[in-house]
Structure formats: structure tokens, C-alpha cells
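Peer 1: One structure is given below, represented as C-alpha cells, and several questions about it will come after.
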């Protein structure tokens with residue numbers, strides 16, 4: 001009883017602290033945006049209260065500007081595909097041809113003559129799978145081929161047609177509106193997924209559906225979870241070229257994902273998802289519209305990203321830089337949330353359910369593992385299936401994180417800034433892995449011991465959030481040299497109070513996250 005009363009008082013204090021924190025952040029952000037807007041790049045006339053709109057992020061700007069035409073085109077494709085499926089009772093093979101035709105027309109607009117590069121590389125990958133899939137060396141060949149394509153694509157920036165002869169040089173005038181080698185990063189992941197799933201299909205892996213249903217709340221309720229779709233074997237004829245090509249260029253997921261494994265995609269192309277009803281999909285879309293309005297309000301009043309791209313943070317105090325950095329991370333989270341949920345919505349309308357990216361808010365993650373799983377969740381599932389487990393899983397976790405995060409950085413782009421982000425993340429990951437393994441080995445039963453453990457976990461969470469801030473500021477705001485400058489400022493006598501206040505805030509935030517998880521556990525127990 002005493003413990004419950006203390007927890008209630010603690011929660012009240014934490015909520016008051018959080019309210020004060022956000023009031024300060026919002027107030028300082030408004031002042032920063034109002035006082036420095038003349039020196040910031042990427043601001044355009046907005047539509048809210050006559051304010052300027054921060055569209056300095058190229059990815060968000062392109063998505064926002066092309067949203068109307070994108071919705072019309074992909075919406076039309078979706079309606080046509082669903083009508084044809086209903087009228088002619090089309091299954092996997094028939095639907096794959098429908099989506100190949102619609103997706104190729106979509107890609108022709110995006111990439112013009114460069115569609116030929118995509119089809120050529122995809123065909124080579126398919127040929128290699130069909131010839132060598134039974135070989136024990138195939139997975140090595142698959143990875144070497146796709147990594148080489150990934151790197152060479154970036155070095156040559158998508159290749160000029162003139163490289164293959166002057167008679168083809170005229171095709172460089174028809175390269176479409178979007179660089180094909182940028183989108184091809186996702187195609188690389190799909191080609192690896194197809195190759196691995198096809199290779200493993202020859203090993204006849206046994207998936208115990210009954211045992212899985214006993215442990216899975218989704219499957220036991222009569223629905224089908226993503227893990228089940230991914231692990232269940234599919235018929236050999238599903239590994240055809242038409243299904244493979246459809247999977248690679250499937251229009252609703254082509255530009256940004258989310259990433260879905262070949263097995264899960266082929267299974268749903270044959271039998272559309274039933275986890276979401278039409279009403280639930282419509283509500284999903286309405287929530288997305290409300291989130292879009294939130295993003296518009298944010299970019300009209302807080303110019304976080306403009307500060308980052310303009311380099312204006314160099315003239316700010318350490319506290320103001322931390323506020324800008326925190327704002328940039330929240331902007332990035334909301335940007336990717338909107339982009340991924342938009343394409344997920346369209347995919348659901350066509351009958352394909354994907355892993356949900358951004359299942360948890362960025363402000364509700366206090367360890368690196370949870371942060372990564374709750375960011376690009378579909379990519380995380382891909383990495384676990386096709387890299388982490390084949391590399392040895394948890395038995396070689398400390399080594400695996402270096403391989404995986406280096407791949408993630410190279411996959412995003414060939415930049416030292418991204419490699420610094422990846423390697424900083426790995427450095428911060430190592431102590432977390434060791435601490436978690438030690439914590440799991442020690443069982444605490446007394447109330448006092450549990451209280452001490454909770455406090456230590458909160459301190460560890462504050463340290464982790466600090467590390468996340470450093471890694472992401474280095475990777476996406478100021479680079480390694482800027483981080484070195486910021487740390488030197490914070491360790492100065494004038495910066496120490498700010499450093500202490502920041503750490504205290506992260507500690508309070510972690511404790512608040514504990515309360516959120518406790519409340520969720522209580523609700524789950526009540527439901528059962």
C-alpha cells in the first residue's frame with residue numbers, strides 16, 4: 001500500500017516536471033524560430049497564421065509536394081487492382097501480373113529509361129538464385145553480388161548510358177524525375193530476401209503452427225501474425241519470376257517501404273490480409289491525416305531542421321543546441337512516421353499487411369535496443385532474419401552489432417558521417433548488452449532490492465538517452481567535429497549546470513516511461 005502511494009506521488013511529480021520541461025522547450029523554440037528566421041535556409045511562405053514553413057528537409061519537401069499526385073496515381077492503381085481481383089477472383093499469379101503492369105508504368109514515370117537498369121540487375125539476381133540456390137555457397141554469392149551492386153550504384157551515381165556506348169547516350173535525356181539508384185537500396189533488400197527465402201525453401205524447415213498459436217496472441221485470436229507469414233513455407237511455384245518482379249517493384253511499397261519478406265508478400269498476394277477490416281483501415285487513414293496536421297503545425301512554428309541544415313546552431317548556446325537537437329530528432333521521427341504510415345495505408349488497401357514502422361514514440365524509448373526496434377521496425381525484422389540469426393544470433397551479439405550497423409550505414413549512403421553514427425551506436429551498445437546480461441543473471445526478490453534496481457535502471461536509461469542524443473546529433477545534425485565542440489562547451493564551467501539538468505531530465509523521462517509500461521502491464525492483466 002505504501003509502495004503504491006509513493007508511486008502515485010512520484011508519478012505526479014514526474015508529470016509536473018515533464019509539463020515544465022515541454023513548456024520551456026516550446027517557449028525557447030518559439031523564440032529561437034522568431035529571432036533567427038532571417039538567417040535560416042529552407043523556409044517558405046506557409047498557410048498557418050502567415051508564418052513561414054520549414055521545408056528545408058529535401059525528403060519531406062519532395063514527399064509533401066508530390067503527395068496529391070502520388071495519392072491520385074496509387075489510389076487509382078489500388079482501385080483497379082481490387083476491382084480486377086474481385087471480378088475475376090484473381091490469386092497470386094494473376095495479381096502479380098496486374099501489379100507488374102501498374103508498377104512498371106509507375107516506375108517509367110519515376111525513372112524513365114533507367115527502368116532497364118532495374119530489370120537487368122533484378123534478372124541477374126533471379127538467374128543466380130535459380131542456378132545456385134541449392135549450393136551451400138549460394139548465400140555468400142548472394143551477399144557479395146548485392147553489396148557490390150549497392151556500392152557501385154552509389155559510386156557511379158546510377159550509371160550514365162554513355163558508359164555503355166555513345167549510341168545509348170541519348171537515353172541520358174530520359175532518366176525520369178527520381179534517381180533510380182536511391183530507390184534501389186530497398187530493392188537490394190528485397191533481392192536478398194527472395195534469395196534467402198528461396199535457398200531456405202530447399203531445406204524444408206518445419207514451422208510448428210500449433211505451438212506458435214499457443215504463444216501468439218494474434219494467431220490465437222484467429223488472425224495471422226507477420227512472423228507466421230514469414231516463417232511458413234510457401235509452394236515452390238510462388239518463387240516464379242513474375243512473383244519475384246512484382247515483389248521488387250510493387251508500387252505502394254516501392255519508394256519507402258516498409259520492408260516485407262518475400263514469403264510474407266507472396267502469401268498475402270495469394271490470400272489478402274484479414275487482420276484489418278475496411279473500417280479499421282479507414283480509421284488508420286484518418287489518424288494519418290491528423291498526424292499530418294500536427295507536422296504542419298510543427299514546421300510552421302518550430303524551425304528545427306532549418307537550424308541544422310543552415311549551420312546556425314554554431315552561434316547558439318549549449319542549451320539551445322540541445323533543444324534544436326531534440327527538436328530535429330522529433331521532426332525526423334514524425335517525418336518517417338508519416339511517410340511510412342502513408343505507404344502502409346495504401347498497402348493495406350491492396351491486401352498486403354507489412355510490419356508497422358514507428359510502433360512506439362521516440363520519446364518513449366530508454367534503451368538502444370528498444371529505440372532501434374521502435375524506429376525502422378520492418379528493417380529491424382529484416383536484419384534479424386537475414387543477418388543477425390545467420391551470423392550467430394545472441395551468442396555473438398557483441399560482434400554482430402558492428403557488422404549489422406556498418407551495413408546499415410553503408411546501405412543508407414557512403415558517408416563518413418553515417419559511419420560515425422553507426423560506430424558510435426555500436427560503442428554505446430556494448431555496455432548495454434553487458435549490463436542486460438548481468439541484470440538477467442541476478443534475481444531480485446526484496447522490495448528494497450527492486451526499488452534499488454529500478455533506480456539503477458533509470459540512471460542507465462538516462463545514460464543511454466544521452467548516448468542516443470550524441471550519436472544522432474553526430475549523424476544527422478552537426479557531424480563528429482560538431483559533437484567534439486559541443487562536448488567541450490558542456491564540460492566548461494558554464495556548461496556543467498546545463499549538462500546536469502539535461503541528465504536529470506533524461507532520468508525523469510526514463511522514470512515516466514517505467515510508469516507507462518507498468519500501466520500497460522496492468523491493463524493487459526485485466527484483459528486476461
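Note that Cβ sites are derived from N, Cα and C of the backbone, with glycine treated the same way.
Unlike curated records, TrEMBL annotations are generated automatically.
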Peer 1: Looking at 108-128, 171-191, which stretch does TrEMBL describe as transmembrane segment?
Peer 2: 108-128
Peer 1: TrEMBL lists transmembrane segment for one of the ranges 479-497, 498-516; which is that range?
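Peer 2: In TrEMBL, residues 498-516 carry the label transmembrane segment.
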Peer 1: Do you know which of 381-396, 397-412 TrEMBL annotates as transmembrane segment?
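Peer 2: Based on what TrEMBL states, transmembrane segment spans 397-412.
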Peer 1: If you look at how TrEMBL annotates this chain, which of 247-267, 352-372 comes out as transmembrane segment?
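Peer 2: My reading of TrEMBL: the transmembrane segment range is 247-267.
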Peer 1: Residues sitting near the transmembrane segment (418-435): Cβ under 8 Å, six or more positions beyond its termini, same chain?
Peer 2: 367-369, 397-398, 401-402, 405-406, 408-410, 412, 460, 464, 467-468, 470-472, 474-476, 479-480
Peer 1: For the transmembrane segment (498-516), give me same-chain residues lying six or more residues beyond its boundaries with a C-beta closer than 8 angstroms to one of its C-beta atoms, as numbers and ranges.
Peer 2: 7, 10-11, 14-15, 17-18, 21, 318-319, 322, 363-366, 454, 457-459, 461-462, 465-466, 490-491
Peer 1: Which of 6-25, 67-88, 288-309, 397-412 shares the most C-beta pairs under 8 angstroms with the transmembrane segment (137-156)?
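Peer 2: Result: 397-412.
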